[in-house]
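Annotated domain 'Glycosyltransferase RgtA/B/C/D-like' per TrEMBL: 145-224, in sequence order. Look at TrEMBL and you will find 65-85, 97-116, 160-180, 192-223, 247-269, 276-296, 308-333, 345-366, 372-391, 398-417 tagged as transmembrane segment.
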Amino acid sequence: MSYLLKKINCQLLLILFLAGLVRFGGLNWCSPYTPHPDEWNMATAVTKLSWEDKLNPDFFAYGQFPLYLTYFSARIYNLIPWIAVKEIDIQEAIFFLRFWSAIVGVGTVYLVYLISKKLTPTTHPRHFDFAQCKLTTHNPQLTPLLASLLSAFTPGLTQMSHFGTTESFLSFFFLLITFLSFKITENPRLKYFVFLGIALGLALGTKISALVFAVPILLSYIINLKKNFAGANPDSQRDAFILTTKYFFTLCLCLAFTLISSPYLVLSFTESKRILLYETAVATGKSPVFYTRQFINTLPILFQLQKIFPFVLGWPIFILGSGGFFLTIFLLIKNILKKRKHSLTAYYLLLTTPFVVYFLSQAFLFCKWTRFMAPIFAFFPIFAIVLLNYLSRLRYLGYLLIFLSILPGIIFSSIYFQPDIRFTASDWIYQNIPFGSKILFDTGNVVDIPISRSKHQSLITNYSLISFDFYHLDENAELFPKLTNYLITSDYIFVPSRRIFANYLRLAGEYPLTAKYYSLLFSGKLGFTEIKTFTALNSKLFADEKAEETFTVFDHPTIRIYKKVVGLGQKDYENLLQE
């Protein structure tokens with residue numbers, strides 16, 4: 001038995017190693033450029049931190065905890081004698097932001113293992129004979145390992161571990177708080193309340209919207225309070241008071257660690273409040289901005305089910321996880337109706353309720369960015385294993401489903417083990433597009449192509465690059481004559497991502513001129529023909545350009561290059577675009 005347990009631990013270490021490999025591999029993707037705007041803003045804030053300015057980040061879109069963690073990590077690293085860098089520059093800040101995202105990303109995989117282990121007690125009546133140790137999805141020792149394996153290769157979890165942003169932290173803290181709530185319902189020991197207060201405090205210090213993470217804590221309080229009064233306990237009143245005191249202590253500890261990790265929530269309260277209100281107005285659609293137009297006329301829940309989860313999870317985990325979620329709800333209701341006082345009932349409640357509350361709190365916002373759903377990505381592998389447990393009799397089907405579930409993540413992680421697609425496209429441009437060419441391209445990209453490497457430092461200046469604002473073409477009458485002039489003089493057109501065309505073609509009624517431009521470009525009627533397309537994921541089976549745009553445009557956009565083959569005049573372009 002001890003040998004088998006050691007073997008299982010080795011398997012867990014192997015899975016964590018694989019999780020670390022796909023998260024730390026390619027951590028410097030696209031260096032020295034930073035295509036993710038949130039990452040750039042956070043890294044810039046880190047470089048501005050100083051003791052002279054009392055560690056004021058002058059950036060309040062998020063909490064300060066990730067910023068301070070990055071700042072002190074970089075400072076300690078720079079104390080190493082052979083490290084030449086003494087001041088934190090933007091590249092070092094980006095590296096440590098990504099480093100900590102990867103660290104907590106691996107931690108998330110471990111938490112998936114721990115939670116799945118709670119959901120798979122060894123006394124389950126349908127377990128296979130442990131002595132046989134068959135590798136099935138319902139073996140009590142292997143089930144949590146399989147859940148952690150799925151999470152190790154979940155595309156969305158891998159991606160956010162490569163972004164120096166808050167999403168990986170939030171995913172980790174949500175699972176940690178859920179797991180600690182499990183522990184408290186088992187045994188309300190003081191140490192778990194301490195850990196819980198610290199975890200929620202740091203989560204709020206990462207992003208104030210993490211307040212919804214308190215749901216499993218509140219549930220655990222209700223569950224423990226109910227258990228306290230359920231039996232003939234003469235000291236129930238006293239025990240309830242002690243229990244309430246512990247939760248109040250957790251609240252106090254949470255507030256303390258929120259203020260310690262993000263003090264400028266209070267010290268710069270006016271500015272923090274202003275930014276929070278602005279971000280809330282953008283998220284709810286009360287303040288329309290050009291970069292949220294992809295959400296116009298989209299349906300809550302349906303959008304997430306079509307444009308987010310199938311891509312960030314991969315279809316197999318999405319389907320299995322969704323099925324497992326409904327199965328968990330069924331088992332929860334069944335246990336409640338039959339009044340089964342089993343720990344699994346509490347676990348099911350603590351797992352499903354926070355998941356549903358968080359999902360619904362974000363799903364109905366106007367802005368439905370992928371990152372808003374990031375904290376619940378890791379729940380899907382857990383739910384998937386719940387379903388696979390009940391398919392365990394179909395032994396070989398289980399093997400196939402596990403393989404199919406990790407395949408999208410393996411393919412997706414290849415993005416970070418090859419040169420960034422913008423470098424690949426730029427190398428091709430330098431080799432195939434003549435110097436002196438005039439190039440028209442979409443504006444609004446954090447990083448425009450072509451980008452330079454050391455061997456191409458001087459080559460960008462050999463092109464005439466025209467960044468055009470297609471976002472406001474329908475609103476600003478002055479842009480139309482400029483566009484027709486650029487079409488006459490340009491030799492090539494770059495479409496650096498799907499960010500503008502995919503949204504405006506869908507909204508042709510609201511933005512007819514912009515939609516017309518892209519329709520004519522893609523059909524070849526503007527006199528330009530597509531000569532090259534660059535995609536990071538070459539397999540059509542895993543093409544993800546139709547996902548919510550922020551899932552693709554930062555780290556693996558599809559780049560299209562068009563060459564002029566037929567020259568048209570001013571009147572030709574005006575007639576084409578206005579007909």
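Cβ atoms are placed via backbone N, Cα and C, with glycine included.
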Item to check | Overall pLDDT of the domain 'Glycosyltransferase RgtA/B/C/D-like' (145-224), taken as the mean | outcome: 96
Next on the checklist: Can you work out which residues elsewhere in the same chain, 6+ from the ends of the transmembrane segment (160-180), have a Cβ less than 8 Å from its Cβ atoms?
Outcome noted: 23, 26-27, 29, 36, 38-39, 42-43, 62-63, 65-66, 70, 93-94, 96-98, 100-102, 104-108, 111-112, 114-115, 118, 192, 195-196, 199-200, 202-203, 206-207, 210, 213-214, 216-217, 350-351, 354, 358, 371, 374-379, 416, 554-555
Checklist entry - Can at least 3 Cβ pairs under 8 A be found between the transmembrane segment (97-116) and the transmembrane segment (372-391), with each pair 6 or more apart in sequence? => result yes
Checklist outcome for this item: Contact count check, CB pairs under 8 angstroms to the transmembrane segment (398-417), set 65-85, 308-333, 372-391; argmax is 308-333
Checklist entry - Any chance the transmembrane segment (276-296) and the transmembrane segment (65-85) have 3 or more Cβ pairs under 8 A, given the pairs are 6 or more apart in sequence? => result no
Checklist outcome for this item: Secondary structure of the domain 'Glycosyltransferase RgtA/B/C/D-like' (145-224) by DSSP, residue by residue, totals 69 helix, 0 strand, 11 coil
Item to check | Tertiary contacts of the transmembrane segment (65-85) (same chain, 6+ residues out, Cβ under 8 Å) | outcome: 42, 45-46, 49, 55, 57, 59, 92-93, 96-97, 99-100, 164-166, 169, 202, 205-206, 261-262
Checklist entry - With pairs 6 or more apart in sequence, are the transmembrane segment (192-223) and the transmembrane segment (308-333) linked by at least 3 Cβ pairs under 8 Å? => result no
